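J.: Below is a structure I'd like to ask you about.
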Amino acid sequence: MSNAHHDAFDKATKAGFIIALGIVYGDIGTSPLYTMQSLVDNQGGLSQVSEAFILGSVSLIIWTLTLITTIKYVLIALKADNHHEGGIFSLFTLVRRMSRWLIIPAMLGGATLLSDGALTPAVTVTSAIEGLKAVPELSSIYQNQTNVILTTLLILMVLFGLQRFGTGVIGKLFGPVMLVWFSVLGISGLLNSLQHLEILKAINPYYALHLLVSPENHRGIFILGSIFLATTGAEALYSDLGHVGRGNIYASWPFVKVCIILSYCGQAAWILAHKDSGIALNPFFASVPEGLRVYLVILATLAAIIASQALISGSFTLVSEAMRLKIFPLFKITYPGANLGQLYIPVINWSLFAVTSCTVLYFRTSAHMEAAYGLAITITMLMTTILLAYYLIKEGVKPLLASLLMAFFAFIEFIFFLASAVKFMHGGYVVVVLALAIVFVMVIWHAGTVIVAKYVKSLSLNDYKHQIKLLRDDLRFDLYQTNVVYLTNRMKKDLIDRSILYSILDKRPKRAQVYWFVNVRVTDEPYTATYKVDMLGTDYIVCVELYLGFRMPQTVPRYLRTIVQDLMESGRLPKQVQDYTITPGREVGDFRFVIIEERVSHARQLSTLERFVMQTKASIKHVTASPMRWFGLQYSEATVEVVPLLLSDVLKLPIKEIKACTKDEKA
């Protein structure tokens, strides 16, 4: 990576500052919508709130944002960039060679982050729409929760429906809208805080620690389940590192943090002033003058949509990275914009919409959603902490120091996990079940890949290239294709899967001028596109190692065109002049791509567990994208050949021949 590119990544600009506000902080920036309301509701309402409770709650929020978001994520995790990309899978690619078991926290963290993404749009949009209850002109309509639900579902349907068109145009508005949002949070919070300056005492961590053991706190340590809502967007902050650059996050986070803290302080000041009034409104909206509430609801709805959009886009990126790391099934990906980073996965989009809509219908109110929210993300944060410990050791930090530092954060996050665990019985099981389902799919997919690698045998192309040459020149066989391209997941030097040679020589001899063997390797760098070629001293066998970054589309035909051109220009591959063509001077013949698909038959060598894994993976494949689409072959001539996983394993069933009786035997 060039120094100029590295400097740009660490540099802050005015435009980058605005863009960061729109992309990075949607989740954490909308937390003030529901965090204080959750604290008050779980305490038993305004009448049960005391000054010590409010001071302690705000202090807990301030120090959670400081320790988890600022120190762990902004100051430490942002340093762990994989060629300027962030997120749990990027972090995993940096440390995966240090220990094989690290794939476990990567899978758990990715699954819980993805399941959390299904709940975030539901809780943020519902909280914003419920703000209409505080608008006198509309309160009569929206006191009926059914109207809140219908409005929320309509917004979500439009939001998910627009994903296929990309966010290139509307995305430019995200930054300015969020700038206005954070400014309003800060200004309104400051104005309310000036009415009760004693709220500023919450900066002292004493009030946070005191509240945890105070009898005025009715929930004890479980209050942290509500406090954690204030920092749920910290993981998304790290995941979006590649979109905006480290410098812009460093520059924008202080502004965002101050505005968020002022908002919490302002809501707390309003609560102190009205704790005996019996008002049953969300402190976020109630702390603003009645005449301005409708505008705040509109702004809050826009902010909630932006936060939801960030989570949806983040889910697409997360799934695409998992697919390229071969720990998730392949699904169709499209790129609605000119930017490779702007992608769309239809199956994931509509699955998220279904889960989000069901969440709204099942929980009905934001209060019930908040009771279930946050449990999954505590697990994600714990998994990130484990991977960060290995990263620090890899970067030269003494193992003891790295372990102690990460143990400190792990302890805090584990306490949050325990405090949030009570949410399991209040709806948290929905997210947990969803996360476990995703983990199950990941484990099956990865284990299936390991099993195939264990049993599939390889043969040397050098041992068979003479046979291939004889086949190429054997005119008794019709020309199958000028170029036959075999896509393989496993190729090392001249070693390829036996099933490929079986397809060429045994199944039905395939005569061609050139035999291509292409292996796509996913690199740790996100945007790599390089290749290596070994022709084994021939002009009719081409072994291609195609190195693509984990964020690059694996459209093989597009890359192969360039490789063919390079080989012909360098004289390593004979030109294939075409006598009949509509393209004058065409020197490249036709291509046929062949994909070998291993299937489990009655494989006696497989254990019961291995057979279950392979059969389950085969079942999952029925609802995933075909290799044709994944490798961009839908517009090319391509064939999928099915072969048994173990070619030599032929199940012999007992059977006896019935011999015809002779005349003597009949007599």
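Placed from the backbone N, Cα and C atoms, the Cβ positions cover glycine too.
Here's the feature list from Swiss-Prot:
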TRANSMEM  16-36  transmembrane segment
TRANSMEM  58-78  transmembrane segment
TRANSMEM  101-121  transmembrane segment
TRANSMEM  146-166  transmembrane segment
TRANSMEM  167-187  transmembrane segment
TRANSMEM  221-241  transmembrane segment
TRANSMEM  253-273  transmembrane segment
TRANSMEM  294-314  transmembrane segment
TRANSMEM  343-363  transmembrane segment
TRANSMEM  373-393  transmembrane segment
TRANSMEM  399-419  transmembrane segment
TRANSMEM  431-451  transmembrane segment
J.: Counting only residues 6+ away from its ends, which parts of the chain sit with a Cβ under 8 Å from the transmembrane segment (431-451)?
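T.: Residues packing against the transmembrane segment (431-451) from afar: 103, 107-108, 110-112, 114-116, 118-119, 322, 326-329, 355, 372-373, 375-376, 379, 424, 489, 606, 610, 613-614, 616-617, 620.
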J.: Test the contact criterion for the transmembrane segment (146-166) and the transmembrane segment (253-273): 3 or more CB pairs under 8 Å, pairs 6 or more apart in sequence, then answer yes or no.
T.: no
J.: I need to check the long-range neighbours of the transmembrane segment (58-78): which residues 6 or more away from its ends have a CB within less than 8 Å of a CB in the stretch?
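T.: Contacts with the transmembrane segment (58-78): 28, 35, 86, 91, 199, 202-208, 211-212, 223-224, 227-228, 230-231, 234-235, 237-238, 241, 246, 249-250, 253, 257, 260-261, 264-265, 268, 381, 384-385, 388, 392, 405, 409, 412-413.
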J.: Can you tell me which of 101-121, 373-393, 399-419 gets the most C-beta pairs within less than 8 Å of the transmembrane segment (294-314)?
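T.: Looking only at 101-121, 373-393, 399-419, the most contacts with the transmembrane segment (294-314) come from 101-121.
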J.: Select the range from 16-36, 101-121, 343-363, 373-393, 399-419 that forms the most Cβ-Cβ pairs under 8 Å with the transmembrane segment (221-241).
T.: 16-36
J.: By Cβ distance under 8 Å, which residues at least 6 away from the ends of the transmembrane segment (16-36) in the same chain are close to it?
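T.: Distant contacts of the transmembrane segment (16-36): 57, 61, 69, 120, 123-124, 127-128, 131, 171, 173-179, 181-182, 185, 226-227, 229-234, 236-237, 240, 243-245, 247-249, 251-252, 256, 260, 263-264, 267-268, 271, 282-284, 300, 303-304, 306-311, 366, 370.
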